[in-house]
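Input: a single structure, listed below in structure tokens.
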Amino acid sequence: MSHSSAPERATGAVITDWRPEDPAFWQQRGQRIASRNLWISVPCLLLAFCVWMLFSAVAVNLPKVGFNFTTDQLFMLTALPSVSGALLRVPYSFMVPIFGGRRWTAFSTGILIIPCVWLGFAVQDTSTPYSVFIIISLLCGFAGANFASSMANISFFFPKQKQGGALGLNGGLGNMGVSVMQLVAPLVVSLSIFAVFGSQGVKQPDGTELYLANASWIWVPFLAIFTIAAWFGMNDLATSKASIKEQLPVLKRGHLWIMSLLYLATFGSFIGFSAGFAMLSKTQFPDVQILQYAFFGPFIGALARSAGGALSDRLGGTRVTLVNFILMAIFSGLLFLTLPTDGQGGSFMAFFAVFLALFLTAGLGSGSTFQMISVIFRKLTMDRVKAEGGSDERAMREAATDTAAALGFISAIGAIGGFFIPKAFGSSLALTGSPVGAMKVFLIFYIACVVITWAVYGRHSKK
């Protein structure tokens, strides 16, 4: 029988009977199974974000270990993982319904060991060409793609009224990997903890040694552990199975492209600022030891993402998103007042404080826009199936599939911000010697998002 205990075991068995919208089923079985899958998914996604943003901590240190790359080249290394991550999120978003959440989570976590090991060896050899670092940075992008499949997978496990909180937790705590990496990397690069594997330090002017390989090697054992945990502890849902053909129609929805734009402004800002903040700070305030502070912004943004999902469940995603974009525009304007002019003036503490506010709102908006996506696409699909005379069971199944596909595809668009923001900073600095040009573009974009959110979802919320 489908209600046997076999599918419930934490052995990765396929669950054939899954009805999270049924209150009795949810209380008796569903909540326990969903929670277990969520809390294994979270550390897997957290580690993926650590790997995805590795170059945000490594690039700023490459000159210290003997590499002579230009500032624009270093910005490019921080930006490229977001390019491959964004492109790969599209196919990754379709993988869970094809292969199952357990199998795909284990596979996608395990393969991240490859760029981590390779980068550790590359940074120890100053003859390593720039092209090799480009390849490794693109491979780190596989980690960024994990977000699409992870969020799609978790969306299948939870009922509609709990999806905002669940997706907020998974995404928010997963996003925490950026700050965890930026906190841990500066600590471990000062320690000879992998000498047995060939890790060699480089003498610094202050007499200390920099073991840059540790910044990537430190994640390898944890990736191995949670690959095993995903394989044996998570479940595949038979009800989530769907071919790519069944998932593609969601791309025809106009709301998909509107929400992609809004998510680009929120999550794209979060991941873009995470990738480029350390390098930008180093160019504007060269005397500041920025890696001592860099982790604070992503940490606050990740916490805010969890809050954004839960807050949207209570107040409505549109309302939270609209207010959030207004705040992002205000903080972007304030940032101009904190920068030095011709190398003179400026206040790092004011710059840092405003950027923390931007990280906060980018994280909050990431959670609120994701909640909007879940609500919008579930309702659109259920209304369509009901209008066609379909059953409630079919409506719920197709709604879950469409929502997961939309979440994955929109997350791919959002990840592009991780490329554009650091690349925009690098290009603006190369052309004008200042990041102001890039910041003006961001400000205009946030104002446009205020107008779009109000025009499409604010005035016509009932529609």
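Yeah, the Cβs are placed from backbone N, Cα and C, and that goes for glycine too.
For 1-37 (among others), the entry in Swiss-Prot reads topological domain 'Cytoplasmic', with the evidence type experimental evidence.
Per Swiss-Prot, the feature transmembrane segment maps to 38-59 (among others). Sequence-distant contacts of the transmembrane segment (38-59), counting only residues of its own chain at least 6 positions beyond either end whose CB sits under 8 Å from a CB of the stretch, comprise 74-75, 77-78, 80-82, 85, 101, 105, 108-109, 112, 115-116, 119, 123, 137, 140-141, 143-144, 146-147, 150, 153-154, 157, 166, 169-171, 173-178, 180-182, 184-186, 212, 215-216, 219, 222-223, 226-227, 229-230, 233-234, 271, 274-279, 291, 294, 298.
Remote same-chain residues near the transmembrane segment (74-95) are listed as 52-56, 58-60, 62-63, 104, 108, 133-134, 137-149, 152, 244, 247, 271-272, 275-276, 279, 404-405, 407-409, 411-423, 425-426, 429 (criterion: CB distance under 8 Å, separation of at least six residues from the stretch ends). The transmembrane segment annotation in Swiss-Prot covers 74-95 (among others).
Under the three-state DSSP scheme, Arg89 (nitrite binding site) falls in the helix class. Non-local neighbourhood of Arg89 (nitrite binding site): Gly144, Ala145, Phe147, Ala148, Gly408, Phe409, Ser411, Ala412, Ala415, each in the same chain, at least six residues away, with C-beta under 8 Å from its C-beta. Residues or ranges marked as nitrite binding site in Swiss-Prot: Arg89, Tyr263.
The nitrate binding site feature in Swiss-Prot is assigned to Arg89, Asn175, Tyr263, Ser411.
Feature annotation from Swiss-Prot assigns topological domain 'Cytoplasmic' to 96-102 (among others).
Counting residues 6+ beyond its ends, the transmembrane segment (103-122) has Cβ neighbours under 8 Å at 12, 40-41, 44, 47-48, 51, 54, 58, 92, 95-96, 128, 132-133, 136, 139-140, 142-143, 145-146, 149-150, 153, 194, 198-199, 213-217, 219-220, 223-224, 226-228, 230-231, 234, 236 in the same chain. According to Swiss-Prot, the transmembrane segment annotation covers 103-122 (among others), on the basis of experimental evidence.
If one looks beyond the transmembrane segment (131-151) by at least 6 residues along the same chain, the residues whose Cβ comes under 8 Å of a Cβ in the stretch are 41, 44-45, 47-52, 54-55, 76-78, 80-93, 95-96, 101, 104-105, 108-109, 111-112, 114-115, 118-119, 122, 167, 170-171, 174, 271, 370, 407-409, 411-412, 415, 418. Under the heading transmembrane segment, Swiss-Prot lists 131-151 (among others).
Counting only same-chain residues 6+ beyond the ends of the topological domain 'Cytoplasmic' (152-166), those with a CB under 8 A from a CB of the stretch are 18, 20-21, 26, 30, 33-34, 37-38, 41, 93, 96-97, 101, 104-105, 237, 239-240, 309-310, 312-313, 317, 367, 370-371, 374-375, 378, 400, 403-405, 407-408. Positions annotated as topological domain 'Cytoplasmic' by Swiss-Prot, on the basis of experimental evidence: 152-166 (among others).
The feature transmembrane segment is assigned by Swiss-Prot to 167-189 (among others). Remote same-chain residues near the transmembrane segment (167-189) are listed as 38, 41-42, 45-54, 56-58, 61, 147, 150-151, 154-155, 158, 210-212, 214-215, 218-219, 270-271, 274, 278, 291-292, 294-299, 301-310, 363, 366-367, 370-371, 374, 407 (criterion: CB distance under 8 Å, separation of at least six residues from the stretch ends).
Residues annotated as transmembrane segment in Swiss-Prot, with experimental evidence given as evidence: 212-233 (among others). The list of residues near the transmembrane segment (212-233) in space but at least 6 beyond its ends in sequence, with Cβ under 8 angstroms from a Cβ of it, reads 10-12, 36, 40-41, 43-44, 47, 50-51, 54, 57-58, 61-62, 64-65, 102-103, 105-106, 109-110, 112-113, 115-117, 119-121, 123-124, 181, 184-185, 188-189, 191, 193-194, 197, 199-200, 202.
Per Swiss-Prot, topological domain 'Cytoplasmic' is recorded for 234-253 (among others), and the stated evidence type is experimental evidence.
Within the same chain, residues 53, 55-57, 59-60, 71, 74-75, 78-79, 81-82, 144, 175, 178, 182, 288, 290-291, 293-294, 297-298, 301, 305, 321, 324-325, 328, 348, 351-352, 355, 358-359, 362-363, 365-366, 368-370, 372-373, 376-377, 380, 406, 409-411, 413-422, 425-426, 435, 442, 445-446, 449, 452-453, 456 sit at least 6 positions outside the transmembrane segment (254-281) and bring their C-beta atoms closer than 8 Å to a C-beta of that stretch. The transmembrane segment annotation in Swiss-Prot covers 254-281 (among others).
Taken from Swiss-Prot, the feature transmembrane segment applies to 290-312 (among others).
Under the heading site 'Important for activity', Swiss-Prot lists Arg305, citing a curator's inference as support. For Arg305 (site 'Important for activity'), other Cβ atoms within 10 Å of its Cβ number 31. In three-state terms derived from DSSP, Arg305 (site 'Important for activity') belongs to a helical segment.
The topological domain 'Cytoplasmic' annotation in Swiss-Prot covers 313-316 (among others). For the topological domain 'Cytoplasmic' (313-316), DSSP puts the residue distribution at 3 helix, 0 strand, 1 coil.
Per-residue confidence over the topological domain 'Cytoplasmic' (374-405) averages 80 (mean pLDDT, predicted model). Tyr263 (nitrite binding site) sits 12 Å from Arg305 (site 'Important for activity'), taking the Cα positions as reference. Each of 290-312, 317-338, 348-373, 436-458 was scored by its Cβ pairs under 8 Å to the transmembrane segment (406-427), and the highest score goes to 436-458. Its Cβ placed at the centre, Tyr263 (nitrite binding site) has 25 other Cβ atoms within 10 Å. Distance between Cα atoms for Arg305 (site 'Important for activity') and Asn175 (nitrate binding site): 8 Å, as a whole number. Sequence-distant neighbours of Asn175 (nitrate binding site): residues of the same chain at least 6 apart with a C-beta under 8 Å from its C-beta are Phe49, Phe270, Pro298, Gly301, Ala302, Arg305, Gly363, Ser366. Secondary structure by DSSP for the topological domain 'Cytoplasmic' (96-102): 6 helix, 0 strand, 1 coil.
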